[in-house]
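J.: Sharing a structure below in structure tokens format, with a few things to ask.
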Amino acid sequence: MGLYSVFSLLIALHPFLYHGVNAFVQRSDLISTRLSTTAFTRSSLQMQANSPPPYPVRIAVMGGGNFGLALSSISARKGFPTTILVREQEIADSINTNHTHPRYMRDVKFPPTLRATTNPQDCLPDATYIVHAVPVQYSRKFLNSVKEYIPPGTPVLSGSKGIETSSLGFMADILKETLGEERPYAFLSGPSFAREICDGVATAVVIASEDLLLARDLATLLSDGNFRVFTSRDVIGVEIGGAVKNVIALAAGMCEGLGLGTNAMSGLVTRGCGEMRRLGLTLGARPSTIAGLSGVGDTFGTCFGPLSRNRQFGYRLGKGETMEEILASSSEVAEGVDTSIALVNFIKQNCKGYRLDLKYPILFGVADILQGKLTPLDGLKGIMNMPFLMENFDER
């Protein structure tokens, strides 16, 4: 087990975050899943953690990238009929016939309970739960293209992280604006590399929802011996952690690419988590959420894990490659690149105060580097030559 996985599990097992693993979960559940359904009826149910739900379940996953495949594999290996919505018929045929993806994680064999389709009408209208795993910058257009197939009462679980560059909105904002505010939503985050999930490596994540009963149901559906789901009501805290950690990982990768050593890397990541905490407190997030799986936990995995696309992107920048060269040779999205610039604009728009660049020097510095205003080395020098301040100057 890698160092980042150990960090993640330590955080997951911390007594402060441990909320009754063996407790019974109560929930009024959404039952009606027929094709013509436009709303769900509720019935009082009681189910024990890790036991099958006492109602039929169909899961649809929107997004055929690595993380969509990983989330699909979790529900499918638990025996739930799962359909993943992909863009190309070639990919759907490969998953349905060979149980493999022709481009992503090609050596992974997916469960036979997972099928794929290119037609949203085949999987969305009768889904009990819908999982959204389309990258944030493409989510609004995609959701507008499929919303007519999604019944009003169907809950949506989002696994996408970041801030939309055009609206400066989080996924919670995008989902409500495209699919309506009355629908129940939940948000999954935490240190969860897709490859390790598919390989069955121990993983701990958190699902946040304003409807804690929905979060508990989803946690029960997805948790197994290798994939542990905790719950939270702090949606904004979970979304902040999922967005900011990718930007910190870009900075950590640059630090490694410059060959600056463990001291610099540790200091940079710690100060980055401080900026995440400061932003979270400003927007009403709970400090415990920032210190948990979706904040510090996901930051550890993304900054130190060899599978991190954002860390690798930053590493190549630190080695001297240009943005254009890296983007031209990358087949997968490093969410932190777009999120970084959107995040700075979001802070300027929503955070009051003098010299925001002194309060968020790492977040502002990464954006400047990506926009060509600084080199990675100049950015580090700027941080090291900042005015002398208390470690946490927003505290007494």
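One-based numbering along the chain as shown.
Even glycines carry a Cβ here, placed using N, Cα and C.
Pasting the feature list from TrEMBL:
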type     : residues                                                 : note
SIGNAL   : 1-23                                                     : signal peptide
DOMAIN   : 59-211                                                   : domain 'Glycerol-3-phosphate dehydrogenase NAD-dependent N-terminal'
BINDING  : GLY63, GLY64, GLY65, ASN66, PHE67, GLY68, ALA194, ARG309 : NAD(+) binding site
BINDING  : LYS161, ARG309, ASN310                                   : substrate binding site
DOMAIN   : 234-378                                                  : domain 'Glycerol-3-phosphate dehydrogenase NAD-dependent C-terminal'
ACT_SITE : LYS245                                                   : active site, proton acceptor
J.: Kindly state the mean pLDDT of the domain 'Glycerol-3-phosphate dehydrogenase NAD-dependent N-terminal' (59-211) in the predicted structure.
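T.: So the average pLDDT across the domain 'Glycerol-3-phosphate dehydrogenase NAD-dependent N-terminal' (59-211) works out to 95.
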J.: Non-local Cβ contacts of the residue listed as 'active site, proton acceptor' (under 8 Å, 6 or more apart, same chain)?
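T.: Correct list: LYS161, MET276, GLY295, ASP298, THR299, THR302, CYS303.
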J.: Just name the winner among LYS161, ARG309 (the binding-site residues) by count of other CB atoms within 10 A of its CB.
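T.: When each Cβ's neighbours within 10 Å are tallied, LYS161 leads.
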J.: Quick one: pull the CA-CA distance for ALA194 (NAD(+) binding site) versus ASN310 (substrate binding site), whole Å only.
T.: 14
J.: Would you mind reading off the Cα separation of ASN310 (substrate binding site) from GLY65 (NAD(+) binding site), to the nearest angstrom?
T.: 16
J.: Other Cβ atoms within 10 Å is the metric here; tell me which of the binding-site residues ASN66, ASN310 scores highest.
T.: ASN310
J.: When the domain 'Glycerol-3-phosphate dehydrogenase NAD-dependent C-terminal' (234-378) is classified with DSSP, how many of its residues are helical, how many are strand and how many are coil?
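T.: The counts are 110 helix, 0 strand, 35 coil.
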